[in-house]
Amino acid sequence: METIGARNVTRPVLALAMSRDEDRSYIAFGGVPPVVTTGEYTTVPIQKLTTNSGKTDYFYYTIKLDGLRWASATRNQSVARPPDMLVDSGTTINLFPADVAAAINAAYAPPGTREDSMVWSVPCNATPPALDVIIGGVPVRTHLSSMILPETELRDGSGRCLSGIGAGPPGSYILGDTFLQEIVAVFDVAPERMEMKFALRTD
């Protein structure tokens, strides 16, 4: 944000509108991108973190969630009050607690297969569950196209791709590009606010 100030951007705001289509992806400094959204943003404060040395400050874009829920043709499941999550466009997939990630991947049709401690694979043409990340009391729907990563198709001819849902280590849970694609995410770091805002894209 110091760089933004040096370039005469008066509002300490960064906004992302990511998409699998590069021509529909934007980053905006000092405002929001020129995209159409569903309407009002849902807003939550950025959380302070405490280090092992006892220092409490803003270190990451960490937010509290009200819940997660996912649904397929055969199951409806949810988690109330999941752990705090870091919003990070530098992480390709969502990283949830292992039990949550396993349950979501089991809801793909056909179900996902765990490949290692963090990632699952699914048939590239699998049907993913509908996933809502509930923020500020508002469900933010993850776009179905983000739930499977076609660019990761395995070269063994199995027709399998990586799932957009993985498992993170305790304390390192992340809402990555799987979540951020096809929404607008606003990082507002004005000292009197320190908050994040989210809205679904409709363009």
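Just so you know, glycine gets a Cβ as well, placed from its N, Cα and C.
All annotation found in TrEMBL is predicted automatically rather than curated by experts.
Note that this is a predicted model, so its numbers are computed, not measured.
Quick look at what TrEMBL lists:
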DISULFID  CYS124-CYS161  disulfide bond
DOMAIN    1-199  domain 'Peptidase A1'
List of residues, in chain order, with Cβ under 8 A from that of CYS124 (disulfide bond) and at least 6 apart: ILE148, PRO150, GLU153, GLY159, ARG160, CYS161
Cβ neighbours of CYS161 (disulfide bond) where a neighbour is any other Cβ within 10 Å: 19
Where CYS124 (disulfide bond) falls in three-state DSSP terms: coil
Structural state of CYS161 (disulfide bond), classified by DSSP into three states: strand
PLDDT averaged over every residue in the domain 'Peptidase A1' (1-199): 93
